[in-house]
Amino acid sequence: MEAFFESTDFEDAIRNAISVGGDSDTLAAITGSIAEAYYGVPEDIRNRAEEFLDDRLSGILKEFEQRFPAKVEV
């Protein structure tokens, strides 16, 4: 939680979690989930991550996004 509370944006939160040390992949995953809900994921990071998905996983992601569209508060 500290990595998130001390962050200024999504990427900063992930970097904070990694820099703590220890089980950094788990800490970054947890912190990233919280940061995504609060900050959102920058489009460039999202696009780069999606490049690593094979066709099957890409299809699952698209189906999920259609079934559960993001809710945006205005």
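Note that Cβ sites are derived from N, Cα and C of the backbone, with glycine treated the same way.
Record features, source TrEMBL:
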type    : residues            : note
BINDING : Asp23, Asp25, Thr26 : Mg(2+) binding site
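A 10 Å cutoff on Cβ-Cβ distances gives Asp25 (Mg(2+) binding site) a total of 10 other Cβ atoms nearby, all chains included. Using a 10 Å Cβ-Cβ cutoff, Thr26 (Mg(2+) binding site) registers 10 neighbours.
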